[in-house]
């Protein structure tokens, strides 16, 4: 037991103080800060919701060691170094993990009459005392660096929190029950395959006709959605953003952004450089790099990099055997400091003022707006033909279709990055479904079902477009598999989904999820119509007659013209104009989607939770750096 513990033990008869002198006064009395510097920091605190010590550190007015010393004097407590004197593992039994995470503390030492609790915030410790009630008389504070507290919270409670991270979402809203139904899925898949083969053998013409009609119906559904979105875009209509009256002065809140990393070797240095360009006050910014415990590659990469004070690392324990991005996000969520939670990917390059836009919109938006989705783009569109087509597809989706979906009041299928949530709502919903490989799209549906609203935010984050064919297929197969899983989860009880969403948004879910996936899977049936140009009689002509074939021909021409128009309009802006000549080649690009769809179907049966990782840092930047601009203007 060290000297700090002995000195505290000698004073255990004195109850911890409930009120404390201002830390600014303590620092002045200690001669650690000048009066004008303190005035500057206090003026900043009127505008930003951050502890005064953090503000002074971020402004370079004082170092962290002096702030910790002042906090100890403020709380009439001693300090400790948990790296030299860590808590024993059995201390985890003294306080529940929920209390430790909520108030930023960790149990450190214990004797016959007192429990000594490490904290970096006397105010937070006072709140802990209030929460503990009569038992608080046995608690005494020890001032410790918050980074050490976080590290030992993870060490003491990591396995418990990791297991909880896998099951945060209520069972009825999660796909985790699929883990116990592998044989049932295989049986259903075998029955469906045998039924299809039997139908093709015994009634080939009508079977192909039925498949063709399904492909045409889903093509009509997706084309109608795209046409409506294009009309909204060309008419200049934008989603009407509501506002709420606010009589309170606006103080900028703390924002935590999670950046999940897995087997990243090339991207760490670029990531830190790009995020360092953010203009949001660093005293309010909490960027959390989320690593898997067994990911030595990323850990070694980060160890060679000096992280700024506003950036920290969380390692997710391997407990439970599940390794997915949403599980990692759930685990890291407990350690976040902000009231707004964001997500960026490892290769992201957000606009410098992105956080300001998020904070400003949340401050003015109605209370039911709990999620803001930024616009995604690519910074390597010139690296290959595939990257060019991927950028065109993204431009169509993010600049035309997604704004149209939002404007029409449909369920917004979230992207996996540049997402920002009100923390209270995110925790109320249980965070992300740890077993769903498109946890973002699933969360978008759950938000809508619980009465919350998602808005698109006029800010752009650039990413790295997958530029190699097989890597593209692997990534797209994960997305399509996740869309299938999300659809099946929420259609377990169609009546409940219809009741929660209403008919209009219910049909939107059918179009966005079922019809979109069907288009990739049924594409070979639509391709079969090209055989008629070579004199081959199509089964539809034999069953439904030539007039139907002519009608379908006109429909196919119209949908292809719509696709061309969407592509040209989406990339007609200054930043993407060089992609216009490649728009006609998109019909060949989407053939890869069919390969991905059948890979997704196979994995849906055999490995529904398998996370096919996309490797970042493969392609270099070929486009200009992000600029402050309106992202929904056509590129």
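Cβ coordinates are placed from backbone N, Cα and C, and glycine is handled just like the others.
Summarising the annotation, TrEMBL assigns compositional bias 'Basic and acidic residues' to 1-10. Among the features that TrEMBL reports, region 'Disordered' is placed at 1-22. Annotated domain 'Type II secretion system protein GspE N-terminal' per TrEMBL: 80-162, in sequence order. The transmembrane segment annotation in TrEMBL covers 186-206, 212-234, 512-536, 548-572, 579-601.
Tertiary neighbourhood of the transmembrane segment (548-572): same-chain residues 216, 219-220, 223, 226-227, 230, 233-234, 391-392, 395-396, 399-400, 526, 529, 532, 538, 540-541, 579-580, 583-584, 586-587, 634-635, selected by CB-CB distance under 8 Å and a gap of 6+ residues from either end. Across the domain 'Type II secretion system protein GspE N-terminal' (80-162), the prediction's mean pLDDT works out to 91. The domain 'Type II secretion system protein GspE N-terminal' (80-162): residue composition by secondary structure is 46 helix, 16 strand, 21 coil, according to DSSP.
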